[in-house]
Structure formats: C-alpha cells, structure tokens
Amino acid sequence: MSLIKDAQRGLVTEEMKLVAAQEGVTEEFVRKGVAGGHIVIPVSPYRKVKICGIGEGLRTKVNASIGTSSDISDVSVEIEKVRQAELAGADTLMELSTGGDLADIRRQVIAATSLSVGSVPLYQAFIEAAHKKGAVVDMEADDLFRITAEQAKAGTNFMAIHTGINYETMKRLQNQGRHAGLVSRGGAFMTAWMLHNEKENPLYAEFDYLLEIMKEHEVTLSMGNGMRAGAVHDSTDRAAIQELLINAELADKAFNEGVQTIVEGPGHVPIDEIQANVILQKRVTNRKPFYMLGPLVTDIAPGYDDRVAMVGAALSSSYGADFICYVTPAEHLALPTPEEVFEGVISSRIAAHIGDMVKLNKRDDDLEMGHARKALDWDRQYAVAINPKRAKEIRDSRMPADTDGCTMCGDYCAIKIVAKHFNF
C-alpha cells in the first residue's frame, strides 16, 4: 500500500475522496497533491483513523503533543489529555512519553482516539537503553530500528525521525555556537550518542533501511528538527539550515520510494524571520508539507507561551506552513495538565484560522459572525465560535437586563441604537 504510488497511477483512493470532501476541493486536486508530495494523508494498515489531509491548499492542521515524563507518569491523565485535545478540535496527536511503561502508554493512547497518532521512536530506544544498560549512549542501532517497527505495527500513523543530525550538522553547530544550546530532546540524545560512540547517526547512515520500515507499514515520515533553535537569538543559524538541507534531500529520497513525508521547522523564530523560514523550507523541499513547532516569537513570556505561539503560528500559516504543533501555557515550565492541553489546542486553532484567512481566503465563518452580531443572534454567534461553550458561559455569567444585548454596553448598544434610525 502506498498512497503516493496510487496517486501517481491516477487512482483516487477513499482517503483522497474524504480529504476532498472535508476541504471543499476536488478529488483531482488532492490526488495531484499526494502524487507530487505536496499533501500527505497519514494512515495505518493496523487501525482505522479519522482521515486528515495535511499540505498545500488545505486547511492548516493542529497537532497536540501529550505524554508522561520521568517525574509525572499517570496514564489516566494522558487519556484525559487525549479527550481534552479532541474536545478542543486537535487534528492529530503525538504521544511523546518518557516515563513509565512507554509501549503500554502508547497502546492505551492509540486505543483511546480515532485521530492520527505520531511518535518519536528514538525516545523509547534511548530510554530503554538507560534503564537496561545504564546510559542513553549505550543504545544499540538495531534496537532503534526494532522499536521503530514495533511502534509502526502498534498503529502509529506518523513518526518524527531525527535524520538530519550528522557529523556535518554537528560541525556547523560547533563552529558557530549558540546562546541557548541544543534544546531538542531527540537532538540531544542523538548528539550525545554520536560523540560517545564516535559513530554516525544510524538514522542517517542507514536511511534506506529506515525507509523499508516506513514503506512496509505505510507510516508517514516527519523529518525531525533536532537542531532547532531554543531561543530567538539562535534562530535561522547555520546548524538549523544544514539540518534542513539534509532533511530536504532525504525527504526527496523518501518520496521517490513512495513514503509520505513532512518536514519539520523551527520552534523559536522572531517575527521578521518567519516568512524567510517558510519560503526557504518550501523551496528546498520541493513544497513538501511544513510542520512548524509553534513557533515562539519571543522568549520572555513563560506562562503565556500559548499566546506567544499564536502570533508565530498565525504568521507561519499565512505564509504557507501546513501543520502547527501547539504550545501550552506550561511550555518551558512543567508537564501540561489536561486543561492546559485544551487551552493550547484552542490557541493554535485560532492561529491556524487566522493564517488560513490569508493563505486560503477562508473568511466565511468571520462573515457569518459579523452577520450574527449585527442581528444580535446569540445562538448563531455561539455556533460559529471556535469555542462555543466558553463564549456562552461568559455571557451567561453576566446576563444583561435586556437579554438582546450584553453587559459591555447595556442600554447603549451601538447596534441597537443604529438599528432604530438606519437600515443597511
């Protein structure tokens, strides 16, 4: 099974038909997008999922990352995070646990959702090595590939694979230096392993073998961003660009083998560099779907990073990013709660919509809201709101004497005043 090969043969699959219906585009548009590597549709032969297209000409999608840590590991809490992410309207999930029984947690998360689920196999491989052998640097390459295959068989739909970290990337990082160091967990694991063992990254060195696993299990490959900046002052540096170029070359190779591929982008980017990052990524990857991690546009707002990321995500989407990884208010501070997961998804959905208003001219809901407000039709306003429940709760908690309006204006509602004298 290969959606790319099917599309290139001219076949419109059921998955492509569903995406076309969801997005309001033609089936041929989706087929051509998949055939050209500009659209991916994560699937799995091992579980039925809610079909979701990601890529050029489609609505910007939002991913919610969940998972335990070595300090907090409660699978029931993670399942509640799944529920909250779904309630908030996430398009996909990533299960990124690093504490507890990792395989069992992932199994339970996958069983609890119909959304496409992504993972980072490298985490489990390194953590198992630490538990069984004493250190993450004692991981065996064979174990990394074994775990990758096991996660694929468990029904994982897409995987972040850190292929772009190699000796050349590390040389760029060493020569340039950084203000905030290396903040990607996968990047840190792999860099430490390479330096300790004096070996090339097996995901890069044995990329052909990795592709065989991806092809066999129809997993969508997400080219991981292990060299992403962890501070705006490190944004768009030589190490990040080197990794992007390597990932772009490998993404082309994956596509030629029939493996659907996404390329991940940076996480901390000042506003004036966002457009350049999107243009560069789209150009060097031949317009493959772009997965932005946030991005955060300033580093001084811990506790409010979901709002900071809204700014970056809205701009990224407007310039052409296809996929946004949410950020919660707990970013840089703690493992998020289910409530913070909900807030993070809502924030990212708002940002994605703002971007799509520009990128795809998707403004019908905003037009409907304008009409509903003019008519003082509160039920219509709630229906079109991105979070109807919250909008209704706020108004209901402070109901006006005149139930047509709200307590913001009371008797002096501009809409009601004008309506008495002017019909337009």
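Here the Cβ of each residue, glycine as well, is placed from N, Cα and C on the backbone.
Per Swiss-Prot, the substrate site holds MET94, HIS162, SER184, ARG185, GLY186, ASN225, GLY226, MET227, ARG228, GLU264, TYR291; the candidate it also names there, chosen from TYR46, TYR123, TYR326, is TYR123. According to DSSP, ASN225 (substrate binding site) sits in a coil region rather than a helix or strand.
The secondary structure of HIS332 (Zn(2+) binding site), as reduced to three states from DSSP, is coil rather than helix or strand. When secondary structure is read from DSSP and collapsed to three states, ARG185 (substrate binding site) falls in the helix class. DSSP assigns CYS409 ([4Fe-4S] cluster binding site) to coil in the three-state reduction, outside any helix or strand.
With MET94, TYR123, HIS162, SER184, ARG185, GLY186, ASN225, GLY226, MET227, ARG228, GLU264, TYR291 listed as the residues that bind substrate, the site has a largest C-alpha separation of 20 Å. Look at GLU264 (substrate binding site): DSSP puts it in a strand.
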